[in-house]
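Visitor: Take this structure first; my questions come after.
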């Protein structure tokens, strides 16, 4: 297998490419930009594409995938595509319809991976972020074990090859793993993970359960105004990463991506810039030494860019626990 398409074997037997292309973009970026960027990513060698119903771009991402299949660049089975169940569809009866809606937008027959996007449940309906007249979120109370059973049915129906979770803490993972009658374990937990929040304890726990940790915001953050503290430090300007970049004649972004691959984390790289999309594929062309890895480990300072404070309150808010 050529280095570009290195994969990790999931606990259900399917394979996931260790480098993924993230398609989320801030609200002000036109959605059709996802079409061009995803095509460029596939042309550059990305085979793992990550999106979600929340991102409002699945019709464009699907169009990009289908156009690259149509022109012979890839076959459908070469692509590993991830979608995610949004919080307003946690009730078991809404899970399959939500996935079917994503598939309709994508014009695909199945997704390779379907994730519970975030463990806090929101009021069902068309509104992605339902709020009351005071601007407070409208929550729902759903047993995530029931949501998981509906996810398992989506796998059995062939609509999703694999199923997993995102933004779950250890307690929430254990709740699923210890569920009576569990049919399929989550194959992965996709979480914010980068040198400033290296998730060591969660990573060790996931490894012990044969669950893959997938890193989003691996390059720091998109720093989108409503969501991210504008005073938080910029990861890619970190002096240690910059020094290592100089040493290896690479970019700080490549150092941050390579760090994750060497600790057994699947990493998502998001860029809509053609040069950087191509650049990020070079992560397989070099290695960090154990000293380099130790230096990056030393950067961990528990900085979470995406705290999603508006979701705080319900017991399922995941970021109150240590990990």
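Note that Cβ sites are derived from N, Cα and C of the backbone, with glycine treated the same way.
Just lifted these from Swiss-Prot, have a look:
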BINDING   20-24, 50, 166-167, 190, 216-222, 270-280  NADP(+) binding site
BINDING   24, 117, 222, 227  substrate binding site
SITE      54  site 'Important for substrate specificity'
ACT_SITE  55  active site, proton donor
SITE      84  site 'Lowers pKa of active site Tyr'
Visitor: Are there residues of the same chain, six or more positions away from residue 227 (substrate binding site), whose CB falls under 8 angstroms from its CB, and which are they?
Guide: 306, 308
Visitor: By CA-CA distance, flag whichever of 55, 117, 190 among the recorded positions is nearest to residue 84 (site 'Lowers pKa of active site Tyr').
Guide: 117
Visitor: I'd like the Cβ neighbour count for residue 20 (NADP(+) binding site), meaning other Cβ atoms within 10 Å of its Cβ, all protein chains included.
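Guide: There are 27 such Cβ atoms around residue 20 (NADP(+) binding site).
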Visitor: Hey, how far is residue 219 (NADP(+) binding site) from residue 54 (site 'Important for substrate specificity'), Cα to Cα, in Å?
Guide: 21
Visitor: Give me the CA-CA distance between residue 274 (NADP(+) binding site) and residue 54 (site 'Important for substrate specificity'), in Å, as a whole number.
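Guide: Answer for this pair: 24 Å between alpha carbons.
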Visitor: Of all the recorded positions given, namely 54, 117, 222, which is spatially nearest to residue 278 (NADP(+) binding site) at the Cα level?
Guide: 222
Visitor: Do you see any of the binding-site residues 20, 24, 117, 190, 222, 270 whose C-alpha is within 10 Å of residue 54 (site 'Important for substrate specificity'), and which ones?
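Guide: Qualifying among 20, 24, 117, 190, 222, 270: 24, 117.
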Visitor: Could you list the residues of the same chain, at least six apart in sequence, whose Cβ is under 8 A from the Cβ of residue 55 (active site, proton donor)?
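Guide: For residue 55 (active site, proton donor), the qualifying residues are 23, 24, 25, 34.
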Visitor: For a quick check of understanding: among the recorded positions 54, 219, which residue's Cβ has the most other Cβ atoms within 10 Å?
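Guide: Ranked by Cβ atoms within 10 Å, first place goes to 219.
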Visitor: Can you check what DSSP calls residue 20 (NADP(+) binding site), collapsed to helix, strand or coil?
Guide: strand
Visitor: Between residue 190 (NADP(+) binding site) and residue 117 (substrate binding site), find the distance joining the two CA atoms and give it rounded to the nearest Å.
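Guide: About 8 Å separates the two Cα atoms.
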Visitor: Measure from the CA atom of residue 222 (substrate binding site) to the CA atom of residue 20 (NADP(+) binding site) and give the result in Å, rounded to a whole number.
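Guide: Distance (Cα to Cα, whole Å): 16 Å.
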Visitor: If you measure residue 222 (substrate binding site) to residue 270 (NADP(+) binding site) at Cα, how many Å is it?
Guide: 9
Visitor: Between residue 117 (substrate binding site) and residue 270 (NADP(+) binding site), how many Å separate their Cα atoms?
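Guide: Spelling it out, the Cα of residue 117 (substrate binding site) and the Cα of residue 270 (NADP(+) binding site) are 17 Å apart.
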